[in-house]
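Student: Let me begin by handing over the structure; questions about it come next.
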Amino acid sequence: MGTAALGAELGVRVLLFVAFLVTELLPPFQRRIQPEELWLYRNPYVEAEYFPTGRMFVIAFLTPLSLIFLAKFLRKADATDSKQACLAASLALALNGVFTNIIKLIVGRPRPDFFYRCFPDGLAHSDLTCTGDEDVVNEGRKSFPSGHSSFAFAGLAFASFYLAGKLHCFTPQGRGKSWRLCAFLSPLLFAAVIALSRTCDYKHHWQDVLVGSMIGMTFAYVCYRQYYPPLTDVECHKPFQDKHKLPSSQKPSELHHLEI
């Protein structure tokens, strides 16, 4: 990949990041809440979360990044592999953030703890006009889909796909070795724990978590496949660009394959 092409790739990610920041600041649609449905949003307002936003972002971003550099260190993968993996992971996370935020703003679904965000004293007005802090109330209208769930799966599912490719979990030479399958599933389990914790914190309904998880996993897989072949491919451990520049005299199995 030339300098111009790399610059264009990075530019796309910068624009997506800016779009993410802008959508973070916009107010959501104020969906009308009927008195008979208030029970859905009357769960306690919990400030101590199992996975605070900062911790979730660290996990979602650093897990795939750590695996990329660990693979390079342990298997002596070339710079092209690491660069393509970083581009794929960053694209998945950036696209996920923009799409998740836009859907949140359009839907404007109240969180399970919205009642106590809207009425901190627990006393609802007859016209249901909120008396709570405006920022807290607006954040309470961003339940669907779950951002924690989508980011967790965007980052950790990508890590799973990357591991599966490097370990050949789904090719003939990698099947039948249970530790490889466990390694592939571990990040997905961690992502599920983060996602489900949002229902325990009363920050999301189960539908928010389910759809958010699906969004994150979809972007993780789509972006992974933009740079890497299918996980059933015998050369799934190599990015497309690396395969294109492979000398015809070199056997595919000689590059970046871990035999255990």
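Just so it is clear, glycine is given a Cβ too, placed from its N, Cα and C backbone atoms.
For reference, Swiss-Prot lists these features for the protein:
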- 1-50: topological domain 'Extracellular' (TOPO_DOM)
- 72-86: topological domain 'Cytoplasmic' (TOPO_DOM)
- 104-112: region 'Phosphatase sequence motif I' (REGION)
- 108-150: topological domain 'Extracellular' (TOPO_DOM)
- 145-148: region 'Phosphatase sequence motif II' (REGION)
- His148: active site, proton donors (ACT_SITE)
- 172-175: topological domain 'Cytoplasmic' (TOPO_DOM)
- 197-207: region 'Phosphatase sequence motif III' (REGION)
- 197-205: topological domain 'Extracellular' (TOPO_DOM)
- His204: active site, nucleophile (ACT_SITE)
- 224-260: topological domain 'Cytoplasmic' (TOPO_DOM)
Student: Which of His148, His204 has the fewest nearby Cβ atoms, counting only those within 10 Å, among these active-site residues?
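Tutor: Checked His148, His204; of these active-site residues, fewest Cβ neighbours within 10 Å: His204.
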Student: Over the span of the topological domain 'Cytoplasmic' (72-86), count residues by DSSP class, listing helix, strand and coil in order.
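Tutor: Each residue of the topological domain 'Cytoplasmic' (72-86) counted once, the result is 12 helix, 0 strand, 3 coil.
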Student: As a test of reading the model: what is the averaged pLDDT for the topological domain 'Cytoplasmic' (224-260)?
Tutor: 71
Student: Between the Cα atoms of His148 (active site, proton donors) and the residue listed as 'active site, nucleophile', find the distance and write it as a whole number of Å.
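Tutor: Between the Cα atoms of His148 (active site, proton donors) and the residue listed as 'active site, nucleophile', the distance comes to 10 Å.
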Student: Which residue counts does DSSP yield for the topological domain 'Extracellular' (108-150) in the helix, strand and coil classes, in that order?
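Tutor: Breakdown, helix to coil: 15 helix, 0 strand, 28 coil.
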